[in-house]
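Take a look at the structure below.
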Amino acid sequence: MHQGLRTLLALVLILSSISVSSSSSSDLSPDFYAFTCPNVQLFVRNTVSFFSTNDGTIPGKLLRLVFHDCMVEGCDASVLIQGNGTERTDPANLSLGGFDVVESAKRLIEVMCPGIVSCADILVLAARDAVEFTGGPLVQVPLGRKDGRVSLASNVRPNIIDTSFSVEEMAKTFSSKGLSMEDLVVLSGGHTIGLSHCTSFSDRFQKDANGSMVPIDTSMEKNFASELMKKCSANATAATTVSCDPVTPNQFDNQYFTNLLNGKGLLRSDSELVNDPKAEALIDSFSKSQNSFFDSWAESFIKMTSIGVKTGDDEGEIRTVCSSANG
């Protein structure tokens, strides 16, 4: 064999071994399934549209679901696995929804492209499409994630944002995932859609001597606080929910940021953002320009959905069923 050809083949083998042994978000690509399952995005989009048309709460649930997945074990669909002691059993995840949307899309894709598309990619696409379905930007997300094999409830609390967190605590959690203060503010803007249980912000109220709810958080606008007290009265059940955005609850827009500036942030963690000068400047900017928010959303969403991705065969797998690891 010619010496030059042998050298070229050796170089190809070296580069191939590098791409197999090292795995990172740089291994992802929007065209990952271009030849193996070219219609995967259409399959997911149609599934999300069907479910969301019949249930307006689905988009918010899918967005929350992908966040809870990516922040714990990375974006590997570990939150979808059922069983004792899995992430789904942690109290912070008991109110999650949208699982049936991902499972339905997976069943369809397994018929058309068996063993090709991961549940992790389906979940990211579903959340992406949920944003577009409610009027937000269409984000070109990179694909190629593998599904994780580990799902432990004990991993949830140390990694997830609690609604009682201060700005410093939220920023620290985000920083540990490679996300910035700007990412924190931008991704909090996802609360422009979705619902929250009354128990998620009950610490902003207390019962008076007559058993009536009264606000103890003076940062809330008075009329807004009154409405919340009515909806989350003493007669409310644990299942009672309130729209995160009281103005345009079903529209993905920049209203969330205007709400914060007007004292209408639903969760304590939302309202805390305006107490940080850098965060407040971003909030003010996004409240004035929806295009600016949408552009930043695309960047931050891609960053978040690239946290801790697994791409090598030694790191993950392509599940046959999203709720259960293979084997």
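Keep in mind that glycine also has a Cβ here, set from the backbone N, Cα and C atoms.
Whatever TrEMBL says is automated annotation, not expert-curated.
These features come from TrEMBL:
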- His68: active site, proton acceptor (ACT_SITE)
- Asp69, Val72, Gly74, Asp76, Ser78, Glu87: Ca(2+) 1 binding site (BINDING)
- His191: heme b binding site (BINDING)
- Thr192, Asp245, Thr248, Asp253: Ca(2+) 2 binding site (BINDING)
- Cys37-Cys113: disulfide bond (DISULFID)
- Cys70-Cys75: disulfide bond (DISULFID)
- Cys119-Cys322: disulfide bond (DISULFID)
- Cys198-Cys232: disulfide bond (DISULFID)
- 27-326: domain 'Plant heme peroxidase family profile' (DOMAIN)
- 1-23: signal peptide (SIGNAL)
- Arg64: site 'Transition state stabilizer' (SITE)
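On the structure: features taken from TrEMBL.
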residue	record	Cβ contacts under 8 Å, 6 or more apart
Cys37	disulfide bond	Ile109, Met112, Cys113, Ile116, Val117
Val72	Ca(2+) 1 binding site	Ser78, Val79, Glu87, Asn155, Val156, Asn159, Ile160
Asp76	Ca(2+) 1 binding site	Asp69, Ala120, Arg145, Lys146, Asp147, Gly148, Gly308, Val309, Lys310, Gly316
Cys119	disulfide bond	Ala77, Leu80, Val102, Lys106, Asp147, Arg319, Cys322
Thr192	Ca(2+) 2 binding site	Cys244, Asp245, Thr248, Gln251, Phe252, Asp253, Asn254, Gln255, Tyr256
Cys232	disulfide bond	Cys198, Ser202, Phe205, Met213, Thr240, Val242
- Query: With a radius of 8 angstroms around the mean position of the C-beta atoms of Thr192, Asp245, Thr248, Asp253, what other residues of the same chain does the Ca(2+) 2 site pick up?
  - Reply: Ile193, Val247, Pro249, Gln251, Phe252, Asn254, Gln255, Tyr256, Asn259
- Message: Give the mean pLDDT for the domain 'Plant heme peroxidase family profile' (27-326) on the 0 to 100 scale.
- Response: 95
- Message: Give me the sequence-ordered set of same-chain residues, not including Asp69, Val72, Gly74, Asp76, Ser78, Glu87, with a C-beta within 8 angstroms of the centroid of the Ca(2+) 1 site's C-beta atoms.
- Response: His68, Cys70, Met71, Glu73, Cys75, Ala77, Val79, Gly148, Ser151, Asn155, Gly308
- Task: Pull out the recorded positions from the set Arg64, His68, Cys70, Gly74, Cys75 whose C-alpha sits within 10 Å of the C-alpha of His191 (heme b binding site).
- Result: Arg64
- Note on the structure: Here the 10 Å Cβ neighbour count for Arg64 (site 'Transition state stabilizer') comes out at 24
- Task: Report, in whole Å, the straight Cα-to-Cα distance of Cys75 (disulfide bond) from the residue listed as 'active site, proton acceptor'.
- Result: 9
- Calculate the distance in Å between the alpha carbons (Cα) of Arg64 (site 'Transition state stabilizer') and Cys75 (disulfide bond), and round it to a whole number. 13
